Amino acid sequence: MNISRSSGLMRQFLLQPLRKGCDISCLGRSSWRMSRSFSGSSVLNEINLSRTKNLFLNDCKFNKNSFEKFFARRLSNSVAPTPGGILQETEKIPSKKVAFWLLGSSALVLAIVVVGGITRLTESGLSITEWKPITGVIPPLTDEQWNQEFELYKKSPEFEKLNSHMTVDEFKNIFFWEWFHRVLGRGIGLTILLPSIYMIVTKRASPWLSKRLIGLTGLVGLQGVIGWWMVKSGLSEELFSDGSHPRVSHYRLATHLAAAVALYIGLVWTGHGILQRHAFLKSMKSGSTSQLTSMVSSVQKMKGFRTSVNSFVGLVLITLLSGAFVAGLDAGMIYCTFPEMGEGRLAPSKSELFDQRFCRKDDKSDLIWRNMIDNPSLVQLEHRILAITTFVAACGLFIFSRAKRNILPKKIKTSINVVTGVVTAQATLGIMTLIYVVPVPLAALHQAGSLVTLTAALSLAQRLHPEYALKNIRSWTKLISSPPKSSISSSILTQQRQFHTFRPSFHSEIKKPLPGTGIKVFFVTPEGREIMIEGNEEGACEGSVACSTCHVIVDPEHYELLDPPEEDEEDMLDLAFGLEETSRLGCQVLLRKDLDGIRVRIPAQTRNIRLERPKA
């Protein structure tokens with residue numbers, strides 16, 4: 001419920017400890033609430049209830065003999081393997097080794113993209129005129145084999161139009177880069193294909209991971225087909241005609257790069273996602289689930305920021321792919337100055353940017369879009385605009401993170417810092433590559449930087465969508481029920497997580513209900529034990545880390561008397577386990593006269609139901 005519905009006094013004693021960073025375990029008379037249960041948390045049979053004049057509680061010492069007016073409780077937000085509950089997989093959780101394999105494969109994809117860029121820069125891509133998936137792995141080893149390969153190259157349009165002066169030794173240099181590119185591609189295919197087949201056939205991969213692996217192996221095969229389709233465009237008979245310039249189609253080059261980027265994204269996203277899920281699982285086992293769910297909830301509320309980051313990832317992708325058009329058209333070889341394109345001009349003339357010579361229709365209706373993808377001058381200008389926009393957007397994210405540094409999780413702030421640094425370095429590399437007229441080392445670094453930038457953006461985006469990882473962890477695991485009571489010994493008390501609360505000194509005006517004026521609330525424990533408390537008819541809490549992860553199951557008779565849940569409450573309930581049709585957040589229920597005698601069941605997974613007299 002909103003603060004506006006709470007009394008001023010309630011706001012005072014609740015929000016003050018929140019500002020001081022305390023963990024508010026419960027609120028006694030003014031409202032009731034129950035922390036969210038995680039499937040499999042153990043249920044302790046010991047219940048500690050004792051008299052208190054204070055609404056804020058300290059550590060519990062189990063005492064079954066004392067309870068009176070006020071009831072407090074705290075779910076264990078940990079799914080740690082304790083004697084009372086053991087985490088068990090219901091679906092095979094991908095191991096970290098799988099994540100490292102996928103990320104290692106993505107590094108190989110990055111390497112082949114760089115090698116492909118060098119192949120394009122050295123004009124080596126058409127040096128091998130045949131497609132031999134098996135025998136092509138072995139390069140020519142003797143002079144006779146080299147001469148045979150060179151004779152095949154002599155029949156290509158590129159040799160006849162551009163390299164008729166080339167010798168066998170010069171041919172060996174360009175042959176190496178194309179051969180290395182193809183062999184590396186085959187190696188990547190085997191690196192992804194063989195482990196994928198093994199894991200799927202032996203059922204070592206979960207259904208979720210199996211689908212990903214099938215998609216990734218399909219992309220590998222598709223990439224090989226696209227690569228040869230691209231090379232064939234540079235061997236076309238039409239390129240023998242006068243005025244032609246033998247080179248691969250820049251459309252197919254962009255498609256080839258796009259397929260590689262899609263494979264790279266799939267590998268990085270899946271590998272990083274597995275590591276993220278393991279990090280969440282570790283948090284749940286260590287008892288930090290409340291912090292984890294609080295983080296997920298707070299991140300989900302940053303809808304505008306998440307949309308901005310998603311748009312930023314799209315912008316990085318478009319900028320990257322526009323670079324393929326720049327490379328395919330050799331557009332980086334013109335206007336090698338920055339920021340000007342020509343003397344004293346930020347852009348060439350309109351007639352140059354929209355040249356009618358690039359039109360293919362008689363009525364010139366394709367003037368604009370044809371120039372956008374075929375005109376080197378306009379293509380370079382587009383890449384500049386996209387790159388500058390990406391840089392400005394990254395700076396905007398950085399400024400936002402500084403302004404919101406108190407509410408953004410640390411890892412997200414770190415990711416934004418990395419994105420800003422990488423984008424700045426990439427922009428600098430791009431300008432240097434242009435000014436120095438596309439030297440191969442700088443251009444290769446610039447191409448590698450594009451994928452590094454994409455990686456940083458993807459990592460940030462994935463951190464801003466943690467709900468998917470958390471949902472998977474919950475669906476993949478369950479908690480074994482509590483062991484027999486005999487197994488609960490004194491040792492369990494030392495293993496239970498202790499919960500601390502802050503005891504403010506300014507709530508003394510809040511008094512116990514006068515006889516006959518209190519509103520009775522009956523809590524039914526998982527063991528069927530009924531506990532009655534009385535509370536005043538006054539405001540409930542605004543909410544905290546504790547109450548944002550809680551729910552109880554209201555008796556149907558009284559459920560109809562409650563106000564309908566608001567959107568925020570429904571969002572929180574979506575994160576909880578063990579929900580039933582009448583589940584509600586306790587912190588959102590105001591005690592009223594018509595609710596006198598209300599009965600609520602505590603979720604079966606609850607443990608550590610306790611109340612402790614505060615220390616003086």
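Every residue, even glycine, has its Cβ placed from backbone N, Cα and C.
According to Swiss-Prot, the protein carries these features:
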- 98-118: transmembrane segment (TRANSMEM)
- H181, H256: heme o binding site (BINDING)
- 183-203: transmembrane segment (TRANSMEM)
- 213-233: transmembrane segment (TRANSMEM)
- 255-275: transmembrane segment (TRANSMEM)
- 312-332: transmembrane segment (TRANSMEM)
- 381-401: transmembrane segment (TRANSMEM)
- H383, H446: heme b binding site (BINDING)
- 418-438: transmembrane segment (TRANSMEM)
- 440-460: transmembrane segment (TRANSMEM)
- 502-606: domain '2Fe-2S ferredoxin-type' (DOMAIN)
- 516-616: region 'Mitochondrial ferredoxin yah1-like' (REGION)
- C541, C547, C550, C587: [2Fe-2S] cluster binding site (BINDING)
Rounded Cα distance in angstrom between H256 (heme o binding site) and C587 ([2Fe-2S] cluster binding site) is 55
Closest by Cα to H181 (heme o binding site), out of the binding-site residues H383, H446, C587, is H446
The rounded CA-CA distance in Å from H383 (heme b binding site) to C587 ([2Fe-2S] cluster binding site) is 53
Listed stretches 255-275, 312-332, 381-401, 418-438 vs the transmembrane segment (98-118), most Cβ pairs under 8 Å: range 255-275
Among 213-233, 255-275, 312-332, 418-438, the most Cβ pairs under 8 Å with the transmembrane segment (381-401) come from 312-332
Top stretch by Cβ pairs under 8 Å to the transmembrane segment (418-438) (candidates 213-233, 255-275, 312-332) is 312-332
H181 (heme o binding site) falls, by three-state DSSP, under helix
Whole-number Å distance separating the Cα atoms of H446 (heme b binding site) and C587 ([2Fe-2S] cluster binding site) is 54
Taken over the domain '2Fe-2S ferredoxin-type' (502-606), the predicted model's pLDDT averages 68
Simplified to three states, DSSP reports H383 (heme b binding site) as helix
